[in-house]
Amino acid sequence: MALNLRKNHQILKVINNALIDLPTPPNISTWWNFGSLLGICLISQIVTGLLLAMHYTADTNLAFSSVAHMCRDVQFGWLIRNLHANGASFFFICIYLHIGRGLYYGSYLNKETWNIGVILLLTLMATAFVGYVLPWGQMSFWGATVITNLFSAIPYIGQTLVEWAWGGFSVDNPTLTRFFALHFLLPFLIVGLTLVHLTFLHETGSNNPLGIPSDCDKIPFHPYYTVKDILGFVLMLSLLVSLALFSPNLLGDPENFTPANPLVTPPHIKPEWYFLFAYAILRSIPNKLGGVLALAASILVLFLTPLLHTSKFRSMTFRPLSQILFWALVANVLVLTWVGSQPVEHPFIIIGQLASLSYFTIILVLFPLAAILENKLLKL
């Protein structure tokens, strides 16, 4: 009898066990599609990024012009650039939905998978930040100046650290060249972390909407979920291509069409939309170090979610109080995103402070208390 190559070849059997014969719960919903969508985002970003890097020049005098040249003179350069810029937005949409799914259905109880996932989020944020600096427009320059300056809030070593990161006494040519090097390198770190993330996931198997073990009732990943994933790919790529072709600058800042000028500060410095919620938390604290700590805590708080799980249920499917809190948290993050895009003046300051307070209160206090109350009400 001929050996089945797919199951016996050293490399093919790894792929087979991860993508073809993988035992999968039969009831996972479309919320479980976002992991594979993130994989597609990563591949498309690396491919478009590589093509852009072939034409980009990491020099303060030439960076802006090289991007303009790409859009004017390179075959489909405008399309590659628009796909790359908007692909970043889709990457963040998918990762936020993926994290939201994890919080709702208790996927964070796979602790290793969850912790690697949070590290992936931090790496993605770093990659997007250094990438935004590369076109060397006004918002690129001032965004880099403001965000790197936050490190100066670290006691004793802060100022030295910032000047070390800048490679001088301000954001200049050395900063741009090292940011380009980092922007090229970090996606490959993300690929490596993704493989670790998947390895830990396949140790325990996927969670499911009911939050109960499904070991007794699994189906193969292929053809059921391969087809389902391909549908997700088609829908997401259709949306990405539509945005890149019809409204490529919708999510960008018009300020970035002006070349960087250290002598002119834009009236309102703000990051890309996917960082606005964290930016609003940073701004809501009138102390520099306090703001930086709150900014870090807004993401690092995700590491604590497995420790704060007090419910006897894994998923929120049968927990109405926790569901209300979860959707309040979603609304809260949307409010923070909106406030982050507004100028620092009367109504927005207090709204931002209240939203920041409620963000941490919901995650750190109300979620565990609601779960304890539900345990009592359901006599668990």
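Keep in mind that glycine also has a Cβ here, set from the backbone N, Cα and C atoms.
Per Swiss-Prot, the features are as follows:
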type	residues	note
TRANSMEM	34-54	transmembrane segment
TRANSMEM	78-99	transmembrane segment
BINDING	His84, His183	heme b b562 binding site
BINDING	His98, His197	heme b b566 binding site
TRANSMEM	114-134	transmembrane segment
TRANSMEM	179-199	transmembrane segment
BINDING	His202	ubiquinone binding site
TRANSMEM	227-247	transmembrane segment
TRANSMEM	289-309	transmembrane segment
TRANSMEM	321-341	transmembrane segment
TRANSMEM	348-368	transmembrane segment
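Swiss-Prot feature annotations superimposed on the structure.
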| residue | record | Cβ contacts under 8 Å, 6 or more apart |
| --- | --- | --- |
| His84 | heme b b562 binding site | Gln45, Thr48, Gly49, Leu52 |
| His98 | heme b b566 binding site | Phe34, Gly35, Leu38, Gly117 |
| His183 | heme b b562 binding site | Gly49, Thr127, Val130, Gly131, Leu134 |
| His197 | heme b b566 binding site | Thr113, Ile116, Gly117, Leu120 |
| His202 | ubiquinone binding site | Asn17, Ala18, Leu22 |
Contact check, the transmembrane segment (114-134) vs the transmembrane segment (348-368), 3+ Cβ pairs under 8 Å, seq sep 6+: no
Leading contact stretch, 78-99, 289-309, 348-368 vs the transmembrane segment (227-247) - CB distance under 8 Å: 78-99
Residue numbers, six or more beyond the limits of the transmembrane segment (289-309), whose CB comes under 8 Å of its CB atoms: 99, 103, 106, 108-109, 111, 114-115, 118, 121-122, 125, 150, 153-155, 277-279, 281-283, 356, 359-360, 363-364, 367-368, 371
